[in-house]
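According to TrEMBL, the protein carries these features:
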TRANSMEM  B:6-24  transmembrane segment
TRANSMEM  B:31-56  transmembrane segment
TRANSMEM  B:76-95  transmembrane segment
TRANSMEM  B:102-119  transmembrane segment
TRANSMEM  B:160-179  transmembrane segment
TRANSMEM  B:209-234  transmembrane segment
TRANSMEM  B:246-271  transmembrane segment
TRANSMEM  B:278-297  transmembrane segment
Amino acid sequence: MTVAMSAEYILETRDLTKDFSGFTAVSEVNLKVRKGSIHALIGPNGAGKTTVFNLLTKFLIPSSGSILFKGKDITREKPADVALRGIIRSFQISAVFPKLSPFENVRIALQRRLGTCYHFWKPVSSLDILTERAFELLDSVGLKELAHHHTEELAYGQKRALEIATTLALDPELMLLDEPTQGMGAEDVGKITELVRKVAQNRTILMVEHNLKVVASLADRITVLQRGSILAEGEYDEVSRNPQVMEAYMGSVHA
Amino acid sequence: MNRKLWAALFLAGLAAPFLIYPVFVMQLLCFALFACAFNLLIGYTGLLSFGHAAFFGGAAYVTGYLVKNAGLTPELGVIVGTLAAGLMGYIFGILTIRRQGIYFAMITLALAQVIYFIALKAPFTGGEDGLQDVPRGMFLGLVDLGHTYHVAGKPLELNLYYFVFIIFCIGFWIIHRAIHSPFGQILKAIRENEPRAISLGYKVERLKLLAFVISASLAGTAGATKSLVFQLASLTDVSWHTSGEVVLMTLLGGLGTVLGPVVGAFTVVALQAELSAFGSWVTVVIGVTFVVCVLSFRRGFVGEVLEKIRTRPPGQND
Ligand SMILES: Nc1ncnc2c1ncn2[C@@H]1O[C@H](COP(=O)(O)OP(=O)(O)O)[C@@H](O)[C@H]1O
Ligand SMILES: [Mg+2]
């Protein structure tokens, strides 16, 4: 029975809590993310969504509670170890390497599998075997033409797309996206939505998203967070009909 | 174009002792290597160490002592000095690498002061006088590095010069390779966005530690070589002035550029030599030069030139 449970859920948190000197940003959160699904985490600003991401990826240490990835307790691990297990996150504030080209950005991620990151005596041409894959990834997010441009000069939407390509380069089992469409125009939002749908084919995605249209069209399951606690959970229709949710969150958006 | 530039610089290096006073050129090369080693850390990893004199001077003492008292040949002396600096770098590294920004700078400075204190008080370092009369010795036991040739009436220490020049080339090549290696790519990524590098699964602390050890080792190579050139390891080599000077050289020349530290080191050493007649005013003049340069060329000399080249044709770079 328990074995079946952990096979079904790739990620579980148990009473996950984070205090910031007296202020509880995340309070006893029990989150279960089903393997292969797109799971959305929504809630008003300051609800604690980014903090949950920081806890899951060990950028913050939980005050109490535990985190299980594929049934294994990862609560005490370091950020890089969690990444090596296959949980790769994006950041709410776009996380690119601005002075490296988009091509190099993606190649940095691809390089990890090569295991040569300490090899200071090898020429950079030893990375040429990654070039083809890097271009494939850039192509999949529509950045192939800009591969050798200056990343810092890309448009905002293009930077987010580059970030997704970089994350994809590691072929993560679980991808955490923190507001991937934030601050984008309608056209870019549509592109990113399609991109997320495409990359979700053979992996699990947990995403924070404010745009409810995006949530409605992508998410299999939704968890609503409010002041650090889970307010509701379920499918979109179910959650959007919940009067508490309507009042706490959707009400404020639609009104 | 790059290849031609390197070839021209190499030839200039070969010809230099016939044109300029060789000891002066050797001094330039030692400080240039020191600055390049330092640049690997600040320019490519984003770590500002304020204690690099500990490696430069520490190695100078180790090499000086062993060559003088244990009869080590000069090349072995330099190798042992380099390894000693690398070991010191490893110890400094594990103590500091988790710190960020100003804290990192302050702790490296504090640790370097410990080394300074040892150099001042230990029984085998010669105290205030330093280690004097370090012999230049026989390279591989065969070539007398102390030999002076007389070309057109001028005394030239050519054996020593080419010994130093080869060391510089090897050191510079190692740094150049490290910058343009798989490792160097990750260092740049860490400098650009450390949390992102971590989130991709890179063990940032270990990578930084390796960069620190390489940087310290080569700073040691520079210091060890310097102790043979001047036949002296002194308190100046381990003092915080020297740590500050290397920061200055790197910033002036252009941090994060391959040739910047060389240009910066040449500028500072040449200014010091030219202005030595003015006594303590040297510090003031160099200070003012530094302020003016930093205000007018924020990227350093080489950095500004590269930026000019970069911004002209759009697209492809490097
Ligand atoms: N490092 C921190 N220290 C103190 N308070 C924090 C820290 N990070 C987040 N918070 C607080 O926790 C709450 C939740 O923040 P966050 O997780 O960023 O919200 P969301 O992403 O849902 O908008 C906010 O009130 C925020 O001020
Ligand atoms: Mg947030």
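A Cβ is built for glycine as well, from the same backbone N, Cα and C atoms used for every other residue.
Annotations in TrEMBL come from automatic prediction, not curation.
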Non-local residues, at least 6 beyond the ends, that sit with Cβ under 8 Å of the transmembrane segment (B:102-119):
47-54, 57-58, 61, 88, 92, 95-96, 125, 235, 238-240, 243
Residues sitting near the transmembrane segment (B:31-56): Cβ under 8 Å, six or more positions beyond its termini, same chain?
85, 88-89, 92, 101, 104-106, 108-113, 115-116, 167-168, 171-172, 175, 178-179, 184, 187-188, 190-191, 194, 208, 211-212, 214-223, 225-226, 237-247, 249-250, 253, 255-257, 260-262, 264-266, 268-269
Do any residues of this chain, six or more beyond the ends of the transmembrane segment (B:160-179), have a C-beta under 8 angstroms from a C-beta of it, and if so which?
10, 13-14, 16-17, 22, 25-26, 29-30, 32-33, 36-37, 39-40, 44, 74-75, 78, 136, 139, 143, 145-146, 187, 214, 218, 221-222, 225, 228-229, 258, 262
